[in-house]
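Structure, as structure tokens:
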Number of protein chains: 4
Amino acid sequence: MRTNSVNVVRIPTNGPGDVSGLLSLIQQGKIDPRSIVAILGKTEGNGGVNDFTREYAVSALSAALAPYVDLPSQRVEQRIAFVMSGGTEGVLSPHLTVFTRDDVSDRGSEVISGKRLSIGMAHTRDFLPEEIGRDAQIRETAKAVAAAMAQAAIVDPQDVHFVQIKCPLLTSDRIEAAMARGNETATNSAYGSMAYSRGASALGVAVALGEIEGEIEDKDVLRRFDLFSSVASTSAGIELMHNVVIVLGNSASSAAPFAIGHAVMRDAIDSAAVIDALKSVGLHTEHDSKPSTAARELVNIFAKAEAAPSGCIRGFRHVMLEDTDISSTRHARAAVGGLIGGLSGTGAVYVSGGAEHQGPSGGGPVAVIARLSDDQSD
Amino acid sequence: MRTNSVNVVRIPTNGPGDVSGLLSLIQQGKIDPRSIVAILGKTEGNGGVNDFTREYAVSALSAALAPYVDLPSQRVEQRIAFVMSGGTEGVLSPHLTVFTRDDVSDRGSEVISGKRLSIGMAHTRDFLPEEIGRDAQIRETAKAVAAAMAQAAIVDPQDVHFVQIKCPLLTSDRIEAAMARGNETATNSAYGSMAYSRGASALGVAVALGEIEGEIEDKDVLRRFDLFSSVASTSAGIELMHNVVIVLGNSASSAAPFAIGHAVMRDAIDSAAVIDALKSVGLHTEHDSKPSTAARELVNIFAKAEAAPSGCIRGFRHVMLEDTDISSTRHARAAVGGLIGGLSGTGAVYVSGGAEHQGPSGGGPVAVIARLSDDQSD
Amino acid sequence: MRTNSVNVVRIPTNGPGDVSGLLSLIQQGKIDPRSIVAILGKTEGNGGVNDFTREYAVSALSAALAPYVDLPSQRVEQRIAFVMSGGTEGVLSPHLTVFTRDDVSDRGSEVISGKRLSIGMAHTRDFLPEEIGRDAQIRETAKAVAAAMAQAAIVDPQDVHFVQIKCPLLTSDRIEAAMARGNETATNSAYGSMAYSRGASALGVAVALGEIEGEIEDKDVLRRFDLFSSVASTSAGIELMHNVVIVLGNSASSAAPFAIGHAVMRDAIDSAAVIDALKSVGLHTEHDSKPSTAARELVNIFAKAEAAPSGCIRGFRHVMLEDTDISSTRHARAAVGGLIGGLSGTGAVYVSGGAEHQGPSGGGPVAVIARLSDDQSD
Amino acid sequence: MRTNSVNVVRIPTNGPGDVSGLLSLIQQGKIDPRSIVAILGKTEGNGGVNDFTREYAVSALSAALAPYVDLPSQRVEQRIAFVMSGGTEGVLSPHLTVFTRDDVSDRGSEVISGKRLSIGMAHTRDFLPEEIGRDAQIRETAKAVAAAMAQAAIVDPQDVHFVQIKCPLLTSDRIEAAMARGNETATNSAYGSMAYSRGASALGVAVALGEIEGEIEDKDVLRRFDLFSSVASTSAGIELMHNVVIVLGNSASSAAPFAIGHAVMRDAIDSAAVIDALKSVGLHTEHDSKPSTAARELVNIFAKAEAAPSGCIRGFRHVMLEDTDISSTRHARAAVGGLIGGLSGTGAVYVSGGAEHQGPSGGGPVAVIARLSDDQSD
């Protein structure tokens, strides 16, 4: 018996404050605003500490959706998870991906075969600045992942294909507040704290899904890159102090006409992994001779990118970590965005930077959502 | 009868001033310094007006090669063409590609089948600042291309697969010098002049190879992007006032164990074109099920990248042209470098930015040099 | 008889979306929201084409003030002029300057001596993309300046000390729209169009105030830098297609406890001009041995900065125009902000970049508003 | 009895590889190349990890001076100290300052009154990557400062006005080398290591000059900013693994027609300190009503700049530390360069970024060298 369904819509934007595409779909009845549970977006800022396009987008979305959900603008975020990832370098194109979830009656759903896309969400408590990038953030995140899986009716960790987390970062103010309490933060650098927060959050996913055995210590964060989650994608933003966890996977309880799959890029030029991820949901690259399965259609790709901490990719030196003009996250998003854009035929994909403990060192997870053909979904 | 042979060696570098790899190969007898005709390099600067890594690399190479060619350091550049393209964004890796050319006796070369890699060079006179980006630069470049083809013993324009040009740019000083003569330059922006110079040089190639019919006017430069060369690659640098032209193609007179081919990327995500270019010299992508021909081996890929002037790639907006923090050439190199790096399995490829009139608008040429297996080359 | 009064308040912000300081002053009764006529702000973006902190700040201010002025959020901007200048490089500090204007009864104002701060506003019609940077923008701006002077009750152009203009820029879309109409825009570069729009707007001020004699032609814009206004400050933003004009000067009709004065920096290191501007309203630099007049107090400084187009400052080369990593406007704001911050003792000053035709080439206007002591203002 | 003399010449450059000004002065007999002991330069790179303009300048200077000092190019640096500081943001202008030293006979020098400019140099041993930013670097630097003072014939620490140090930084390779030895470096960030190296080197100066009492521990570096030297200026570069120490001060043994003085900027807008430093050698700011002493003439100003780690300057927030697009050192140099340029009337001053433990937190030392008038120097 199918008990819920999910809808996923990708909407291009003309700027971080552009909500016209979303409102148009709402007005056309194609999106029910009361069913929206999460919106993942790529915005065109620098993706760094001072990327205000993320909070601007959230502010614009909140104001636009407030009347539909009967909440004041500033409380919309408590109901809908907004995850804005800054940085659309190279061929990447700013866009939103809107996820809705509905309860469905049993009728008709018995003919659906296989597991289908499901979504679940949870969040941690607020962290103290000195907890960011450390054990507390890892443990609380793991708890939230378990809660989100339960909500998505996903039992088997193997059915989880993407866990998006929004996590906090440190600012001068927050670092000072910790100091005033006599505590040291994991780093004194605002930019550097984004890596710590992303890393600890990803380790939390790995713990929840059983991808890591044994204990993780504070000092393993950003050091032991052999510890990682193959499905975690974490994004740091200045606008919150807790982690928001969104689990995407396939569930026997879902009646959605979508499926999700993933692969793990072992480095930033791992084209085989991207192709594997496409194939895992029945899609093929455009230059592939074989036709893609029936009428399956790409909805979006979700990937993480990072500059290999070793300074090398397959034996050749890269300069991303030594560039004082462009942050390494921007370099990495541009490159991986170029590869995924080329293989999928579109730059409107969600490639996010900073893949610490998200996939192997220098690599990262790549997940694909496909819309199934009508035959398959009825 | 084969009359010349060419050798091509790719050498990674540890920095713009690093000549140790080259010197080591010379000392091992693998490169004869007196046979070097051209060195194309990717250096790790910003690729813009103030990218001094290009002239630093040329200065270091000149000083290193001077004793071998019995010339004072500052005159080495008159004998060997150095083309340094700045910008190794994303997965791109700094390296040099050294081309040597030798006369060969007839012995053994009669068993070689097909056309083989050949190289020819020429240069224009010095330009006045006010000639850059205009008719004079187009015409003089076309003449130099013809001269370089003759030197390479290439008769059919179809056998030309890559024409690398090094061309000048404007600086405040040069713009003022023109003004002092009562002349206006094509642009008052130093950065902007790089595009004008690259564009006019590429149009010169198109004229020489018969890719364009009819007259080109000054106002067509950077406007009529339907006029382009499919094999031109032009790079602007502050260190010269003339164009240096290097023609790469296949010639029946060459006994070299290498072949070159090319394709044209119609946009920055044209993976099919990259694969076609690889296939044109018998290579396949690494995730391809079919094995690559015999023991053919990739030597290097030469490609141009640019941000689509339309602001869109396959219907989706890109932000490269509206980013005040990162120049569009850096964005484009990073993205196309990611795609080519992914398909070829290495970031040590020559991807150069600014593809005005080099391939269609938003796209660019991609050429591949492969080493033939021993069987094929004897 | 004094007929109006102006209040000026400087408010630090914690980010582009921060309206808490303004709301707090409104709640304390220190600012009457219905009297607000203009808000000038410095926001912490890059000040370039893709600086979304400006529109984010406007969006936040509109949402915050909407309930006080009984207008829907998106219409607040029609009543209050918001001018956000992006870029707080170096010591510059993000802040807002709020201007209110009230009608005053005659009572008490007869004892006020001298002219006092007054403000007037007007705006032009929307421009077509192809009008930006050209004659139409110059003429329409001149008309709007005259209208704003009348509103401020300023008769003598000598009493105008600062004219802030917010003007549009070109985007890829707008350039294409012009092309589709068969018209060419002044430039094809989005970033470059900011200079054209600022320049033409400044020339409009010069025309209105009689600072230029004779005709100005389209080709003079960004060429004849001997034509300039000594009081114009123009700022380009993506969010509008018309010019908004704010005239600040001293008027015999004003009962405000403030005065404004200005000087003209002849280059970016003209400390004497900054000191003159401070002295013009009775203020002195902090290291000055003489005490400042009575209890006069600095409210804010408004200045324009630019990289000398000649490439030199007092005979020494600067690199601002040849830097592909940092735009010249960011360089110039940082440097002039450092000088003004050092002489005034605070980084919370309004230094805006891009001073084309605003002051002499390489220089720019610098205006100072001082609060008069109680004795002086009663 | 005067035993040595020093000459100081400031030479503008047209690029990092430009040695024409220096060679011209040598050919005119105004600089004796065999007397050159140190060259301090400002080059126009980003001042960060990948600023190759520093090593390019050193390479060009070495090649140019080699024939004059009878050394192969690569050994010139062992005889002459080259300190290239990258980053000429804003009004700063690329230039070299050449220091020569000669033994002088006693004749005539007895009529010289007061202490005069003297220079001394020393260097430490090479450091291991894991020693950078830690105790070993502090102690070895202190020893080298004492040795350099002795060479300069300066006895009283109060006579030391500027200690320029060139120190190493970490790269991915160096960090890995330490890891391979089982040791951790002070930081894993190449960019971050520049701060550690500068900080420890400055603390070494403070120890040598008695500016700090008691022990310094590894954990104080970049933490206890109350510990600092008032005369240290340290610059990190990729091209060396040891510290080079140059002491500038006034000595009774010097017969040079120059004097040096200094003041300490307490923050980045401390104009009073800049004026004090100018006054300390008899110079005044150009807008000062009092004429400067006799014919004293500014030779150069040497200052350090940094973004206040507190995030505030005199109560107002700055954004330098939270900008992912422009590094804080570039922001700080631009701002302080603007102030010093404005007060001294020239942008050709040596303002270097990263003032950790060099002056108080957020501030830095500012030293001035003046040429004395003929009357004074005979």
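Glycine too: its Cβ is placed from the backbone N, Cα and C atoms.
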Residue among C:Arg198, C:Arg266, C:Arg296 sharing the substrate site, where TrEMBL lists C:Arg54, C:Ser85, C:Gly86, C:Ser235, C:Ala236, C:Arg333, C:Ser352, C:Gly353 as binders: C:Arg198
Given TrEMBL lists C:Ala355, C:Gln358, C:Gly359, C:Pro360, C:Gly363 for Mg(2+), the same-site residue among C:Glu297, C:Glu306: C:Glu306
Mg(2+) site shell beyond C:Glu306, C:Ala355, C:Gln358, C:Gly359, C:Pro360, C:Gly363, criterion: Cβ within 8 Å of Cβ centroid: C:Phe228, C:Val264, C:Met265, C:Lys304, C:Ala305, C:Glu356, C:His357, C:Ser361, C:Gly362, C:Gly364, C:Pro365
Among C:Gly359, C:Pro360, the one of these binding-site residues whose Cβ has the fewest neighbouring Cβ atoms within 10 Å: C:Pro360
C:Thr329 (site 'Important for substrate specificity') and C:Pro360 (Mg(2+) binding site), distance between Cα atoms, whole Å: 16
Spatial neighbour of C:Ser235 (active site, nucleophile) that is closest, considering only the recorded positions C:Lys166, C:Gly359, C:Gly363 and their CA atoms: C:Lys166
Secondary-structure category, per DSSP, in which C:Thr329 (site 'Important for substrate specificity') falls: helix
Which recorded positions sit within 10 Å of C:Thr329 (site 'Important for substrate specificity') - Cα, from C:Lys166, C:Gln358, C:Gly359, C:Gly363: none
Cβ neighbour count (within 10 Å, all chains shown) around C:Lys166 (active site): 27
CB contacts for C:Gln358 (Mg(2+) binding site) [other CB atoms within 10 A, all chains]: 31
Inter-residue Cα distance where the pair is C:Lys166 (active site) and C:Ala355 (Mg(2+) binding site), in Å: 13
Nearest-integer angstrom distance between the alpha carbons (Cα) of C:Gly359 (Mg(2+) binding site) and C:Lys166 (active site): 17
DSSP three-state assignment for C:Gln358 (Mg(2+) binding site): strand
Spatial separation of C:Lys166 (active site) from C:Gly363 (Mg(2+) binding site) - C-alpha basis, Å: 20
